[in-house]
């Protein structure tokens, strides 16, 4: 009965507040409950740890399915490349994923043959499976490179054909996703693919990036030479820049200087043929000697024209005649000499440095401090740095190389400065979020008690009707006193002064009390004492 009376009293008090006050009280209560609920959620929420980073969308999908099946809550970032789990579930989640072989690239390799039976496979299916397995293995090898995040390989194997005079060459295309700002080496990727596929040449491999940039084309068109020269210039500039930084870091300190190197190269192909003859160096190749001797004798006879000419010779009378003799001898010697000669053929297919330009910016404050400690002028320090830069970069003034070194004030802080050790306030700031949430929950609770609960109780207590004094039910009770108590309770329930009615005047509490005192003064005095004690 007491609980029911309290509930009835509370209902009467709430109804007595009026619609406006009741609506305000409900709104305040709902707001306070909402604040407390939100604060409790953030305070009780478990901290997240990074499970894996650098994942692909397919990896995130498979990992999420496994974690959901295991009942481990997880979350991912907006870029879908990170997985977060509660701090206490990190080790368990990694063990479960390791059992499933995750994270792992979805590209399948030679394990495809483990899933296929040896029976019922046609030659076409076997060839397709072989190509798929080879593509997967090559993609895994390319993904092992430091500058590659993911790769996809497409192969077209060599096909002789029944009506072709020459077999169709094998070709390939590779799409890579760079892991950083610098694209991977296209030449290395082409060599990997060409070496893994029988009969494939590196020129038949095309390499592209995921943003559509052609890193290396298979046809080596007109733009390939310029692209190669640009890549080579970047590589040479990077090497020279590294040499300069290695030289200046021990002297100036890391972060106290910035360097920039520009290199112009010449990739023209040259072929020079030279033949040199040495007249001082000779060798006898052949010798020819010709000897000639001759003897001649001439006889001049004079014959008369007569009959004697027809006489036989033996019968003729010989007559003396004029005779002449001639003897000659000739000797000719010819010697052929071989003059030594040297033929030199020079073919240049590399590159030639046209000029190098180096710019170095020094931080003025550390430079002045170093000059003061060494008791030298800052200009002398700059000249020393310039000589070091020229030597490290291999500059040649005859070639037109130039190095510029200036000292300026650096803007902003140095990102290479040593991080200070964490202090007490650093640890406090690390947990500031939790502290703020806990403070917000505490303040919300205090506001709920001070603003919502106490005023509500005060209004309820102020509007609660004063209960009538309970007369002890003992042997001294009389019907008259019970009537007085009931009359007082009835009069206390009414709001405001009651209207005077004849029955109310007749049965007023004063008349009842007077009647009770007239009947039994002792009992009436006891009732009045109890009323005074109860207030």
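Quick reminder: no glycine exception, Cβ is built from N, Cα and C everywhere.
As stated in TrEMBL, the feature transmembrane segment covers range 432-453 out of the listed 432-453, 454-475, 476-497, 498-519. The feature transmembrane segment, as given by TrEMBL for the ranges 21-43, 44-66, sits at 21-43. Within its own chain, the compositional bias 'Polar residues' (336-345) has Cβ neighbours under 8 Å at 271-279, 281-288, counting only residues six or more beyond its boundaries. Looking only at the domain 'Flagellar M-ring C-terminal' (248-410), the predicted model's pLDDT averages out at 80. Helix, strand and coil content of the compositional bias 'Basic and acidic residues' (279-291), in residues and according to DSSP, is 0 helix, 13 strand, 0 coil.
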